[in-house]
Amino acid sequence: QAVVDFERLGEHAAAFQGHDVGFCCLGTTRAKAGADGFVRVDRDYVAQAAELARAGGCKHFVLQSSRGANAQSRFLYLRVKGEVENLVQAVGFDRCTILRPAVLLCKRQESRPTEWIAQQFLGVVARVFPTAYSVPVETVARAMVACVLQPGEGKVEVLENGAIHELGKA
């Protein structure tokens, strides 16, 4: 495990050397980092990490993005997620898998009251429609590992929430 300073990521290129697979789940919130900070973390840091990973020999990059990611979106969150998907694909990995989960169900150390209420509601909805609106983070993690262990379906593969649930069962 290597600790890096994301503000000086280029100085940590050695940490990205010699890995066949890269997993990226980096992200923050606009509320926590502000709009500029959100863009810097969710787009710029991720794109730079992907470039360093590729330069270090990474062949397969697995990116956690978001349902609805679209570089043309009017919504900052979805636009940034779409932009970073495009940037990561452009790096030229032999294989790139993008996961687009819906609302992530997880326990957090920090207080996010609105998110907590949404998770409680979606937890109930998930009992009736288990793959429609949410996904447990453990399922996303299992899907990320499973996609590496299975043969790919092309150079770039995008897995939407339903496919994440399916793959996460494996």
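We count from 1, first residue shown onward.
Yeah, the Cβs are placed from backbone N, Cα and C, and that goes for glycine too.
What TrEMBL annotates here:
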DOMAIN    4-151  domain 'NAD(P)-binding'
Helix, strand and coil totals (DSSP H, G, I; E, B; other) for the domain 'NAD(P)-binding' (4-151): 81 helix, 21 strand, 46 coil
Mean of pLDDT values spanning the domain 'NAD(P)-binding' (4-151): 90
